[in-house]
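To start, the structure itself, in structure tokens.
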Amino acid sequence: MAVRVPLGCTGSFCPRLLPLLALLELLVDPSLGRVHHLALKDDVRHKVHLNTFGFFKDGYMVVNISSLSVNEPEGVKDKDTEIGFSLDRTKNDGFSSYLDEDVNYCILKKKSMSSVTLLILDISGSGVKVRSPPEAGKQLPEIVFSKDEKVPSRSQEPAVSSNPKDSKVQRTPDGSKAQRSTVDSKTIAEKFFSIHKNDGAVSFQFFFNISTSDQEGLYSLYFHKCPSSKLRSGEQVSFSLNIDITEKNPDSYLSAGEIPLPKLYVSMALLFFLSGTVWIHILRKRRNDVFKIHWLMAALPFTKSLSLVFHAIDYHYISSQGFPIEGWAVVYYITHLLKGALLFITIALIGTGWAFIKHILSDKDKKIFMIVIPLQVLANVAYIIIESTEEGTTEYGLWKDSLFLVDLLCCGAILFPVVWSIRHLQEASATDGKAAINLAKLKLFRHYYVLIVCYIYFTRIIAFLLKFAVPFQWKWLYQLLDETATLVFFVLTGYKFRPASDNPYLQLSQEEDDLEMESVVTTSGVMENMKKVKKVSNGAVEPQGSWEGTA
């Protein structure tokens with residue numbers, strides 16, 4: 001466990017950060033990672049998704065159920081309620097067909113199921129029945145029960161069944177044809193193993209090895225509870241489960257599709273840092289045309305770069321030891337939260353034209369920020385909870401759905417300032433005498449609107465679909481597309497709103513300042529016979545002008 005080092009700080013800013021740091025300390029559990037521990041108490045769900053992991057050859061999974069008990073209403077026997085586990089194998093992260101059934105569907109009652117191994121518990125009989133499909137041992141690994149608590153080695157053979165007449169099937173590591181058991185190879189093979197029972201709770205351990213390349217894939221482990229039909233209305237069967245899951249590939253605790261992520265994050269962090277450095281050089285070179293929003297834009301790539309570096313470090317420790325280091329995880333979550341909030345604030349400020357054409361936000365603009373900022377903080381908190389919570393917990397699904405909804409609302413909200421600016425420019429180009437400048441800025445805003453829509457489309461929709469379409473070992477392409485789209489969005493936004501005298505976005509600011517000054521002067525009787533003379537230097541119109549008398 002990581003040792004916490006007390007940090008000291010002074011000033012009024014640090015006390016404001018203390019509640020956030022305390023929240024992050026509570027959310028981050030150093031024991032979580034690819035070595036999983038899940039404890040459920042009096043749970044009433046029919047199906048619990050315990051974990052999903054992509055395995056290469058020589059990978060393995062060890063599942064240790066230290067306690068599993070069922071609490072049934074009076075009059076219902078143990079055999080009336082079926083409980084057990086299922087191990088599903090797919091080639092990608094798509095949805096399993098057998099899990100898309102209605103609520104009353106119970107996979108444990110199915111006699112034949114392709115690519116799914118079932119473990120059906122008999123608590124009263126202190127045993128578990130393993131129902132394997134015909135391809136078990138060839139395209140699917142065999143489930144091995146063992147009383148040994150040690151992690152199995154790659155060359156370890158499956159343990160012999162506790163039932164002698166079921167011990168005829170042995171796995172062949174060289175991929176040769178397995179021996180025929182008491183059941184035909186084209187039918188479902190069933191084996192029975194004895195398990196330990198104490199005070200109504202059972203405990204046992206099983207594991208499997210990926211011995212051939214044909215067995216590689218994305219494996220999902222589920223817990224199922226099939227209530228009895230004898231239950232009366234309002235009655236429920238609850239269960240308590242304490243389980244530890246260890247899963248590992250040959251050289252990493254990361255899933256097959258996550259192994260390249262540390263290197264990917266470091267590479268993208270370098271690109272974001274270089275883009276930020278180039279942007280700082282442009283700002284220093286064009287100091288006379290720089291606004292406050294340009295410096296806010298400069299902070300964004302550096303914050304993103306830091307977030308990616310800490311994310312890479314976090315994944316490095318998970319890869320090497322199976323769980324993150326608490327300190328690095330907290331630092332990553334802080335930078336991720338700041339990056340997310342800064343990104344949406346910057347996009348909204350550019351859309352409203354703050355610091356470019358106006359220095360005070362309108363009431364409509366303020367309402368947008370009052371909506372976007374809390375939603376973005378909530379989205380980042382949901383992300384942190386999801387990252388530091390096991391999939392099988394009841395709150396995991398709730399926070400995952402909340403993150404999707406809140407992120408969608410944020411993406412929709414930041415489009416409103418751009419739409420309002422486009423509508424305002426359309427009206428202004430038809431009324432005032434500066435139609436050319438307004439039309440140029442209108443074209444720029446339309447490009448920015450399309451840019452935001454494309455960014456949302458690629459990072460929220462295309463990348464999401466890619467994650468479910470590509471094979472399990474290429475799942476990291478989802479993150480590559482997401483980070484690449486973000487980098488392209490940063491570069492194009494900087495190019496569109498770069499500090500330059502020929503930028504229509506900045507020219508409008510200077511022309512409107514002149515227009516406001518003319519309206520003030522013409523309403524003054526003292527300056528009635530004065531006309532404005534603009535000073536021109538280096539081909540650019542300066543915002544301030546001098547006045548001379550005409551009398």
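Note that Cβ sites are derived from N, Cα and C of the backbone, with glycine treated the same way.
Placement of Ser320 and Phe472 with respect to the membrane, taken from Swiss-Prot, is on a common side.
Counting residues 6+ beyond its ends, the transmembrane segment (402-422) has Cβ neighbours under 8 Å at 344, 347-348, 351-353, 364-365, 368, 371-372, 375-376, 378-379, 382-383, 386, 442, 445-446, 448-449, 452-453, 456, 460 in the same chain. Residue counts for the topological domain 'Cytoplasmic' (284-292) under DSSP (helix as H, G, I; strand as E, B; rest coil) come to 6 helix, 0 strand, 3 coil.
On the backbone, the CA of Asn209 (N-linked glycosylation site) and the CA of Asn64 (N-linked glycosylation site) stand 15 Å apart. Sequence-distant neighbours of the transmembrane segment (337-357) (same chain, 6+ residues past either end, Cβ-Cβ under 8 Å): 20, 291-293, 296-297, 299-300, 303-304, 306-307, 365, 368-369, 372-373, 376-377, 379-381, 384, 410, 413-418, 420-421, 445, 448, 452, 493, 497, 505-506, 508-509, 512. In the three-state DSSP classification, Asn209 (N-linked glycosylation site) falls within a strand. Neighbour density around each Cβ, counted as other Cβ atoms within 10 Å, peaks among the glycosylation sites Asn64, Asn209 at Asn209. Distant neighbours of the topological domain 'Cytoplasmic' (358-367): 348, 352, 417, 420; these residues of the same chain sit at least 6 beyond its ends, with a Cβ under 8 Å from one of its Cβ atoms.
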